[in-house]
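*Asks:* Have a look at this one.
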Amino acid sequence: MPVVIGFEGSANKIGVGIVRDGEVLSNPRRTYVTPPGQGFLPSDTACHHRACILDVLQEALQEAGLKPQDIDAVAFTKGPGMGAPLVTVAVVARTVAQLWGKPLLGVNHCVGHIEMGRLITGAQNPTVLYVSGGNTQVIAYSEHRYRIFGETIDIAVGNCLDRFARVLKISNDPSPGYNIEQMAKKGQKLVELPYTVKGMDVSFSGILSHIEEVAHRMLAAKECTPEDLCFSLQETLFAMLVEITERAMAHTGSHEALIVGGVGCNERLQEMMGIMCKERGAKLFATDERFCIDNGAMIAQAGWEMFRSGQITALQDSWITQRYRTDEVEVTWRD
């Protein structure tokens, strides 16, 4: 029964998780939160991770009731993500692996989300909607690869929501996306916004530019409320995502849809996807914030799959890359 520890720190979350044969033994994490109206810079985020990571590691081991000698392999996020935070976590993972005498496993962040979603929900072969602050992709598995059927051609959906939150000075605690979701529940008026679907791909930069330009003018003229804008932005963005996911499901003949990534715990997105799946006679799978949001256990789970299929990352190959596409990974653990 292999036990794998996973280190995740590709953005503003730092997490360490431990997995043993499909069981999550521990999964603590910390979040770097900036003041309203501000994003998080790579250098500041890396400083936060350096300050927290050893405490989180100790917490993960204590929560799991394990010692270093009980660990069989050390997994870490190789990419994609922000450069400085990725390097911080990779250095710690390399050091731990050498101190403990354990093999290293460099994990694709996106694949980590997918494998965590499959583990927690029990989905067998779903069409995956991966939505986060850095990525927006529609994915399906075929011939040892997670194939990207559609994606954003500019910014990610989570990045669009985060940057709109800065316009309205919405709090980043616990996250701007969560606070937009709560405000959207109080929205009464649907403001028309640009809707840009290009085949299987989506574009979010235009809708962001538009709402950044008109928001303060419309609010000053009392044409709408901040809650109306949050509601309208969510409805438009999520409708685009549902459309391309349904198109991918039709193409693959899939009867399962799985939502992963930080934006995936949005209840309105889950509701809209659920309606689409019901109309298609398909089943929707989703997780809550424990596993949707970046966490160490998802890296451990993907690392566990790699480890049991014989994959190991040599020390000289344990560099990080900010650009590491989902379909670059050879998925040796699936038929």
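Placement of Cβ uses the backbone N, Cα and C atoms for every residue, glycine included.
According to TrEMBL, the feature divalent metal cation binding site maps to HIS109, HIS113, TYR130, ASP294. For TYR130, VAL131, SER132, GLY133, GLY134, ASP162, GLY177, GLU181, ASN266, the entry in TrEMBL reads substrate binding site. As annotated by TrEMBL, domain 'Gcp-like' applies to 29-300.
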*Asks:* For the binding-site residues listed here (GLY134, GLY177), which one has the lowest count of neighbouring CB atoms within 10 Å of its own CB?
*Replies:* GLY134
*Asks:* To the nearest Å, how far is the Cα of HIS113 (divalent metal cation binding site) from the Cα of GLY134 (substrate binding site)?
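*Replies:* Given the Cα positions, HIS113 (divalent metal cation binding site) is 13 Å from GLY134 (substrate binding site).
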*Asks:* Below 8 Å Cβ to Cβ and six or more residues apart, same chain only. Which residues does that give for TYR130 (divalent metal cation binding site)?
*Replies:* CYS110, HIS113, ILE114, THR136, GLN137, VAL138, ILE139, VAL260, GLY261, GLY264, THR326
*Asks:* Taking only the Cα atoms, work out how far ASN266 (substrate binding site) lies from ASP294 (divalent metal cation binding site), in Å, as a whole number.
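*Replies:* Each residue's Cα considered, ASN266 (substrate binding site) and ASP294 (divalent metal cation binding site) end up 14 Å apart.
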*Asks:* Across the domain 'Gcp-like' (29-300), what is the average pLDDT of the model, as a whole number?
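*Replies:* 98, rounded to a whole number.
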*Asks:* So around the divalent metal cation site, HIS109, HIS113, TYR130, ASP294 aside, which residues have their CB within 8 A of the centroid of those CB atoms?
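*Replies:* These residues sit around the divalent metal cation site: SER10, CYS110, GLY112, ILE114, SER132, ASN135, VAL260, GLY261, GLY262, MET298.
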